Amino acid sequence: MNNNAFHFPVLLDAICKLIEDLPVKSDLIYIDSTLGEGVHAKAILEKYDFLSLVGIERDPQILERARQFLSIFEERITYFNDWFDNFFVNYPLNVKANFILVDLGISMFHYKGSKKGFSFLEDEPLDMRLCSSSCKISAAEIVNTYSKYDLEALIYDLSNEHYSRRISKAIVEYRKIKKIETTKELQSIISKVYPFSKVKINPATKTFQALRIYVNDELARLKRSLPFWVENLAKDGILAIITFHSIEDRIVKDFFRSLSCDLYAKISKKPIMPSFDEIKKNKPSRSAKLRVIKKL
């Protein structure tokens, strides 16, 4: 286990400001829908002793890391090993939440320590399942069995990758000779067909994003959860959602726009973005957007 994989909590100052603006500060329920390693939770629980945490995390490996990381707050925490959409659709608590946090980014542990193939920085098995028991198909199965047209649609629809046709064709041609098994193998296939002049990020970045989203059914879980997140807010409760790419951000934006102004209020018209200083300290935060809604 890599104990150095903990990352910085994104947009923490903005999140703390939301908590400080809650009208009542006594015996409040804070639900972290995407607990991960517990970095947001630790910072929040240290600062606000009037909060009790309900932490939801599907990956049992990372949930155990969170338990260890948050052990000094054990009496204030209830853990659920579940997908957040399952939790909220079948809401098990007898009280509404005062603050719900959703961080849709993948934990740095998954990139650096899980060995599940989320990153192409190391040569790992091409899996990408956050939970192997509930995710039916791995990334390796997708790239080795899906048709060229299905791969092209998947990559484009879930990442806006403009070279999805070239990439899908290259994948299908490569697997005629050899099964694609590792992250470096897939990265190499993609890099060879990507126009060099167009490279601003690693050529494999968007394809890996698309595969991860598809394998874990991320967009469907987000869409399913949104109405239940707002339904399970207490009066004056806050729902704060951090997104990291334009597809999920658009889903959140459109849902917030659909809510009745008589029942809910946006905290800010535009998403809250990380400061220049935060991006300097924590480069992965550069694509983060925080959208917030309050229940009236």
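Glycine is no exception: its Cβ is also placed from the backbone N, Cα and C atoms.
So that you can see what the record holds, here are the features copied from Swiss-Prot:
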- GLY38, VAL39, HIS40, GLU57, PHE88, ASP103, HIS110: S-adenosyl-L-methionine binding site (BINDING)
Binding-site residues listed as GLU57, ASP103, least Cβ neighbours within 10 Å: ASP103
Conformational class of ASP103 (S-adenosyl-L-methionine binding site) under the three-state DSSP mapping: strand
GLY38 (S-adenosyl-L-methionine binding site): secondary structure state under DSSP, collapsed to three categories: coil
Longest CA-CA distance among GLY38, VAL39, HIS40, GLU57, PHE88, ASP103, HIS110, per record bound to S-adenosyl-L-methionine, angstrom: 24
